[in-house]
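Asker: I have a structure here, written as structure tokens, and I will follow up with some questions on it.
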Amino acid sequence: MAPIDPHSTTDSSHPLATHISPSLYFDFPSSTILSSALLRLPGPHSGPISLDTRSLVITSVTDPVSATPLPFTLSPSDHIKGQTLTITLTHHSQFLVTFSTSPSSSALQWLSPPQTFNKTLPFVYTQCQSIHARSVFPCQDTPAARVCFSAKLNVPHQLHAVMAARHLERRAPMAGEAGGICDDLVWCGEGRVVEEFVMEQPVPPYLFAFAVGEIGWREVGPRTRVYSEAVSEVLDAAAREFAGTEDMIRVGERLFGPYDWERFDLLVLPPSFPYGGMENPRMVFLTPTVIKGDASGAQVVAHELAHSWTGNLITNKTNDHFWLNEGFTTYAERRIVEAVQGEDIAALNIGIGWKGLTEEMERFKDNMEFTKLKTNQEGVDPDDVYSRVPYEKGFQFIWRIEREIGRPAFDDFLKKYIATYKFQSIDTDMFINFLKVNVPGIENKIDLILWTEGTGIPPDAMEPVSNIYAAIVSLASEFKLGRMPREDEVADWHGQEWELYLENLPKSVEASQVSALDARYRLAESKDYEVKVAFLQLAISSRCKDYYSEVEKTLKEVGRMKYLRPLYTALTQGPGKEEEKIFAKRVFSEARDTYHPIAQGVVESILSKYL
Ligand code: BES
Ligand code: ZN
């Protein structure tokens with residue numbers, strides 16, 4: 001009788017649901033979903049069962065066989081975990097919850113027609129990781145619980161629904177199907193259609209995902225389509241950018257074992273999508289900022305693809321072990337990148353990651369808990385402590401093991417690890433035990449406790465070894481002495497080289513140096529947001545006010561938190577920034593409605609920390 005996850009109400013004495021069937025009626029005018037969810041248990045259960053919810057209005061809980069109501073209570077709201085729905089069962093193996101979402105449900109972004117590309121129809125999509133699935137339907141919202149889904153989405157006929165699941169059919173709504181969600185006349189109203197999906201492989205709730213809008217697609221490979229708002233230019237550009245996806249899937253299969261999810265489709269979301277990518281199974285969600293016209297967006301696809309093995313097949317049991325998802329995936333991503341784009345590009349990515357990791361040490365210098373791999377997130381919102389640490393320190397740990405035992409042995413180890421734990425949720429200790437059993441004596445070579453439980457960067461972590469990497473880092477250090485790179489030195493540079501260069505410059509320089517660099521290389525206008533944002537961050541820290549209008553434009557056109565965080569932080573952190581703080585507050589108040597609720601929350605917490 002104990003909670004199994006610091007972010008969930010799920011109790012060790014309760015059975016875990018094996019199957020959830022949501023029926024969702026999308027009501028765009030009110031930005032709500034009228035819903036029901038049937039939850040099936042592995043067997044009959046008597047006594048209480050607790051589910052996570054947030055911003056849900058619960059109308060009823062019933063026994064679906066007898067249609068009799070079941071007693072339930074809803075706890076007061078916890079600001080991180082939400083509200084616990086406790087239902088009392090009497091030998092029930094399933095129950096039906098009827099409820100509706102609210103406009104503030106944190107997983108959902110509702111875009112009004114003017115906020116879309118085509119400006120004529122609305123759009124809605126989910127982002128459930130880490131703990132937002134509970135704002136779409138009541139569930140045991142812990143990655144320790146794996147469930148299969150069958151879903152019915154009732155949408156206006158001008159729109160299409162996509163899901164991280166297998167599409168079964170698009171058909172007319174049927175009378176009797178509404179099951180108490182709404183009146184049959186509403187469910188079967190004119191111009192409504194039902195799209196049905198199933199996910200037959202058990203997945204953690206954070207991988208539940210859908211989007212509804214005016215959605216089109218292009219074929220890009222034998223098991224890959226790219227979907228986005230139905231705009232020819234966007235679809236064509238995306239199809240070109242991601243043309244190499246099948247090659248990457250094949251590399252993944254060679255390195256990590258069979259691709260178990262049948263399809264690997266890509267959904268390009270509107271610019272407000274808060275992440276670079278999200279590994280929703282069968283259909284990865286992507287920010288449009290990865291479409292740069294030079295196939296470099298493949299790095300994000302490589303990362304999300306890699307999650308098909310590390311994350312979706314083997315999942316962290318709770319967010320305390322998030323590094324198992326992201327550190328392994330960052331390692332796997334770089335192996336795919338190395339195979340398809342070469343060792344130099346992989347080394348640049350390792351170098352950019354290394355710089356990011358050292359910066360996070362600075363960010364968490366007063367809160368060293370979050371420089372550990374295995375963390376304690378009791379009372380902590382995972383969105384607030386999201387950082388590069390699980391990615392890059394996790395990567396460094398896996399890379400360290402590879403160096404110790406050699407690549408061929410490590411590749412065999414990795415395949416065996418994946419085959420052993422697939423479709424399970426594991427924790428750091430399980431991984432360490434598996435490592436010790438399969439690599440006897442490893443604990444005498446690598447300080448496994450220091451790596452997983454210690455703070456900071458262990459001494460045997462390392463920077464990549466590569467000529468291009470070293471040349472760029474040394475050019476960046478010469479900038480401090482007043483030397484700008486020459487045209488011939490940067491002739492072959494693409495986004496990643498510039499990003500690495502900018503990341504390695506001092507935090508702030510003379511405002512005149514910022515303008516001089518931009519006058520020569522036009523970085524503020526870069527189509528590559530990684531470059532543009534790294535440059536704008538330098539401009540803000542150097543108090544080069546000429547670029548503030550570009551900062552404002554950027555903060556208003558994208559909602560990817562990787563860009564919002566550093567820009568809002570640079571504007572508000574540190575003393576004597578009165579003008580910048582007022583500017584940040586104004587821009588946020590004007591841009592807020594265009595951000596996803598998760599991004600709104602993150603920017604609010606940055607502003608409240610420094611204002
Ligand atoms: N799973 C993450 C995104 C995520 C993490 C969402 C935590 C919510 C909570 C995804 O796989 C990811 O890491 N995306 C990166 C891609 C990058 C590392 C190539 C991103 O969004 O920047
Ligand atoms: Zn990831």
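Glycine too: its Cβ is placed from the backbone N, Cα and C atoms.
Values in this document were obtained by computation on a predicted structure and should not be read as measured data.
Quick paste from TrEMBL:
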ACT_SITE  Glu304  active site, proton acceptor
ACT_SITE  Tyr391  active site, proton donor
BINDING   Gln127, Cys128, Gln129, Pro274, Tyr275, Gly276, Gly277, Met278, Glu279, Arg560, Met561, Lys562  peptide binding site
DOMAIN    467-607  domain 'Peptidase M1 leukotriene A4 hydrolase/aminopeptidase C-terminal'
Asker: Between Tyr275 (peptide binding site) and Glu304 (active site, proton acceptor), find the distance joining the two CA atoms and give it rounded to the nearest Å.
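Answerer: Tyr275 (peptide binding site) and Glu304 (active site, proton acceptor) have their Cα atoms 11 Å apart.
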Asker: Can you tell which of Gln127, Gln129 has the least company, meaning the fewest other C-beta atoms within 10 angstroms of its C-beta, among these binding-site residues?
Answerer: Gln127
Asker: Take the Cβ of Tyr275 (peptide binding site) and count every other Cβ within 10 Å, whichever protein chain it belongs to.
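Answerer: By my count, 22.
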Asker: Around ligand 1, within a Cβ distance of under 6 Å, which of the binding-site residues Gln127, Gln129, Glu279, Met561 show up?
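Answerer: Near ligand 1, sequence order: Gln129, Glu279.
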Asker: Recorded positions Gln127, Gln129, Gly277, Glu279, Tyr391, Met561: which have a Cα within 10 Å of Glu304 (active site, proton acceptor)?
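Answerer: Gly277, Glu279, listed in sequence order.
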Asker: May I ask for the distance between Gln129 (peptide binding site) and Tyr391 (active site, proton donor), taken between their Cα atoms and rounded to an integer number of Å?
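Answerer: Each residue's Cα considered, Gln129 (peptide binding site) and Tyr391 (active site, proton donor) end up 16 Å apart.
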Asker: Could you state the whole-number distance in Å separating the C-alpha atoms of the residue listed as 'active site, proton donor' and Met561 (peptide binding site)?
Answerer: 16
Asker: Return the maximum Cα to Cα distance in Å (whole number) over the record's peptide-binding residues: Gln127, Cys128, Gln129, Pro274, Tyr275, Gly276, Gly277, Met278, Glu279, Arg560, Met561, Lys562.
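Answerer: Per the listed residues, the maximum Cα distance equals 17 Å.
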Asker: Mean pLDDT across the domain 'Peptidase M1 leukotriene A4 hydrolase/aminopeptidase C-terminal' (467-607), rounded to an integer, is what?
Answerer: 96
